[in-house]
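Student: So Swiss-Prot lists the following for this protein:
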ACT_SITE  54  active site, proton donor
SITE      83  site 'Lowers pKa of active site Tyr'
BINDING   116  substrate binding site
BINDING   220-286  NAD(+) binding site
C-alpha cells in the first residue's frame with residue numbers, strides 16, 4: 001500500500017489543530033466504509049469528515065476502532081468531525097443527535113461538530129427514520145421548523161461545555177448569517193465548510209471568514225466530479241475540472257496530477273480539503289499536496305475559471321432556500 005506523510009495542521013481559534021488534508025466520508029458506502037477508513041488511517045490520514053446524513057457513521061467508527069486497537073493510531077491523534085442534520089435543530093434535539101452520532105462512532109467525543117445547513121426542518125424521531133434526509137414525515141413534502149439559528153448554536157455551545165464536542169462550526173452558511181451569529185454567540189465558530197473549487201471560488205466569503213479567524217474547509221474540490229454519479233444535469237453538462245486545459249497544463253508543469261493541483265490550489269491558500277478516493281495510490285497522492293508550490297500566475301489562472309457554479313443546491317431538490 002502506498003503511504004504518505006500525515007498532513008500538516010493549522011490551529012483553530014479554539015486552540016485545537018486540524019489537518020489541512022483529510023478524508024471525506026460523503027458517499028462512502030456501507031459495504032466498504034470500515035475498510036476504507038482503516039486503510040486511510042494506515043496511509044496517514046488523521047482528519048475524517050463525516051455527518052449524520054451520510055448514513056455511514058457506524059461503519060466509520062468500526063474502521064477507527066480497528067486502527068486504534070491495532071496500535072496504528074491513538075484517538076487523540078485523530079480529528080473526527082460530524083454534522084448536525086436539519087431535523088435536529090431544536091435545542092432539545094441537538095444533544096440527542098450528537099449522542100446518536102457518538103454511539104454510532106463508538107467515541108466519547110467528536111473534535112468538531114458542524115451545523116450541516118443553516119435551515120431547520122420538521123423533526124423526525126430517530127427511531128422512525130435515521131438519518132431522515134429531507135424526509136419530514138409527511139410524504140414527499142418538505143416542511144420548515146421555526147427554530148432560530150442562534151438557539152441551535154447555543155445548544156451546540158453546551159456540547160462544548162460538556163466535553164462532547166471539542167469545537168463547533170458551521171457549514172453552507174452565507175457571510176450575512178455568519179455576521180449575525182458571531183455577534184450573538186459565546187463560543188465562536190472555529191470553521192466554515194463550503195463547496196469550493198475553481199468553478200465556485202467565493203472569494204469575498206473566503207476573505208470575510210478568514211478575517212474573522214474562522215478556518216475554511218472546502219468540499220467537492222473537484223467540482224462536477226463529485227456529482228456525476230448522482231446524475232445531476234448541471235454536473236453532467238459541465239466540463240470536468242480534472243480534464244480542464246488550464247489545470248492539466250499547470251499539472252504537467254509541476255509534474256503532478258490535475259487532482260493534486262486542484263487540492264493544492266486550496267491548501268496553499270490555507271483552505272483545508274477533504275477528498276475521498278477508493279484507490280490506495282490516489283489516497284496517497286491526495287495527501288501529498290503540500291510538497292510543491294503553485295506560482296501566483298498558476299493561482300490566478302485557476303481563479304479565472306470561476307463562474308459561480310454551485311452543484312450542491314438544495315433548492316433543486318426540494319425548493320429549500322439555503323443559497324437563494
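Every residue, even glycine, has its Cβ placed from backbone N, Cα and C.
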Student: Quick one: Cα separation, residue 283 (NAD(+) binding site) versus residue 116 (substrate binding site), in Å?
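Tutor: Distance (Cα to Cα, whole Å): 25 Å.
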Student: For residue 220 (NAD(+) binding site), which residues in the same chain are close in space, meaning a Cβ under 8 Å from its Cβ, but six or more apart along the sequence?
Tutor: 195, 196, 197, 226, 227, 311, 312
Student: For residue 83 (site 'Lowers pKa of active site Tyr'), which of the three DSSP-derived states applies: helix, strand, or coil?
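Tutor: Note: residue 83 (site 'Lowers pKa of active site Tyr') is in a strand by DSSP.
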Student: Does anything in the same chain, at least 6 positions from the residue listed as 'substrate binding site', have a Cβ under 8 Å from its Cβ, and if so what?
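Tutor: Looking at Cβ-Cβ distances below 8 Å from the residue listed as 'substrate binding site', excluding near sequence neighbours, one finds 51, 52, 53, 83, 84, 85, 86, 171, 172.
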Student: In angstrom units, rounded to an integer, how far apart are the Cα atoms of residue 256 (NAD(+) binding site) and the residue listed as 'active site, proton donor'?
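Tutor: Here the two Cα atoms are 31 Å apart.
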Student: Taking the Cβ of residue 274 (NAD(+) binding site) as reference, which residues of that chain separated by at least 6 in sequence fall under 8 Å from it?
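Tutor: In sequence order, the residues whose Cβ lies under 8 Å from that of residue 274 (NAD(+) binding site) (at least 6 apart) are 21, 22, 23, 24, 47, 49, 217, 218, 219, 221.
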Student: Check the Cα-Cα distances from the residue listed as 'active site, proton donor' to the binding-site residues 229, 238, 247, 265 and tell me which is shortest.
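Tutor: Going through 229, 238, 247, 265 one by one, the Cα closest to that of the residue listed as 'active site, proton donor' is 229.
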Student: Through the lens of DSSP with three states only, how would you label residue 265 (NAD(+) binding site)?
Tutor: helix
